[in-house]
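To start, the structure under review is shown below, and the notes come after it.
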Amino acid sequence: MAQTDARTHARTDSSHALEIALLRLDAELPPPAYAHPGDAGADLLTAVDVTLAPGERCLVPTGVAIALPEGFVALVHPRSGLAARHGLSIVNTPGTVDAGYRGEIKVLLINLDPADTIRLRRGDRIAQLVIQRVERARFVEVEALPESVRGAGGYGSTGGFSRG
Ligand SMILES: O=c1ccn([C@H]2C[C@H](O)[C@@H](COP(=O)(O)OP(=O)(O)OP(=O)(O)O)O2)c(=O)[nH]1
Ligand SMILES: [Mg+2]
C-alpha cells in the first residue's frame with residue numbers, strides 16, 4: 001500500500017520505494033533502472049552516441065527528466081567499472097540534481113585515459129543516479145564557533161601515505 005510522509009509529502013510504494021515522477025523525453029530509450037535489488041544507484045543511459053578523445057569532456061543528455069519531492073536530491077555518480085576499465089569519469093562528480101529541476105538530466109562525462117579514445121553508443125549505461133534525503137540549512141552567523149577535537153586541522157593534518 002502506498003504511504004505518504006507527512007513532512008515531505010513523499011510517497012513510497014509497498015516495497016518502500018520512493019515514487020518519483022519521470023518524464024521520458026526519448027520514447028525509445030528505457031528509463032533508469034536498478035541493476036540488482038539493493039543497489040543504491042539507478043543506471044542512466046546516454047541518449048546519443050559520444051566519442052571522447054583523451055582528456056575530452058562532453059555534456060551528455062540522458063533522455064529523462066524527473067520531479068523529486070522536496071527534501072530529496074539526486075546525485076549523478078560515475079560507474080566504477082567504466083572508470084576502472086576506460087578512465088571514464090564525471091567532471092563535477094557527483095552532479096547535483098535539485099528537487100526543483102525539471103529539465104533533462106545530463107552527465108558531464110570526461111575521458112581521463114591518457115591514450116585511448118572512448119566510444120559510447122546511444123543506450124549505453126554511463127552513470128548512476130543516487131536519490132538521497134537532504135537537509136536544508138538556515139545559516140546562523142556567530143562571533144565564534146564551538147570548539148572541537150579537530151579544530152581547524154585539515155588538508156592532511158593527520159598525515160598522508162606512510163612509505164617504508
Ligand atoms: O550532473 C548534473 C548536474 C546538474 N544537473 C542539472 C540539475 C541541477 O538542478 C541543475 C543545476 O546544477 P548545479 O546547481 O550543480 O549547477 P550550477 O552551475 O550551480 O547551475 P545553476 O546556476 O542553474 O544552479 O543542473 C544535471 O542535469 N546533471
Ligand atoms: Mg546551482
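Just so you know, the numbers here start at 1 and follow the chain as drawn.
The backbone N, Cα and C atoms fix where each Cβ goes, glycine too.
TrEMBL annotations:
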type	residues	note
DOMAIN	32-159	domain 'dUTPase-like'
BINDING	Arg79, Ser80, Gly81, Asn92, Thr96, Val97, Asp98	substrate binding site
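Features per TrEMBL, on structure.
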residue: Arg79; record: substrate binding site; Cβ contacts under 8 Å, 6 or more apart: Asp43, Leu88, Arg125, Ile126, Ala127, Gln128
residue: Ser80; record: substrate binding site; Cβ contacts under 8 Å, 6 or more apart: none
residue: Gly81; record: substrate binding site; Cβ contacts under 8 Å, 6 or more apart: none
residue: Asn92; record: substrate binding site; Cβ contacts under 8 Å, 6 or more apart: Leu108
residue: Thr96; record: substrate binding site; Cβ contacts under 8 Å, 6 or more apart: Val73, Ala74, Leu75, Val76
residue: Val97; record: substrate binding site; Cβ contacts under 8 Å, 6 or more apart: Ile66, Leu68, Val73, Ala74, Leu75, Val76, Ile105, Leu129
residue: Asp98; record: substrate binding site; Cβ contacts under 8 Å, 6 or more apart: Leu68, Val73
Fill in: Helix, strand and coil residues within the domain 'dUTPase-like' (32-159) as assigned by DSSP
7 helix, 49 strand, 72 coil
Worksheet item: Of Gly81, Thr96, Val97, Asp98, which binding-site residues come close to ligand 1, meaning Cβ under 6 Å from one of its atoms?
Response: Thr96, Val97, Asp98
Worksheet item: At its widest, how many Å does the recorded substrate site span between Cα atoms of Arg79, Ser80, Gly81, Asn92, Thr96, Val97, Asp98?
Response: 26
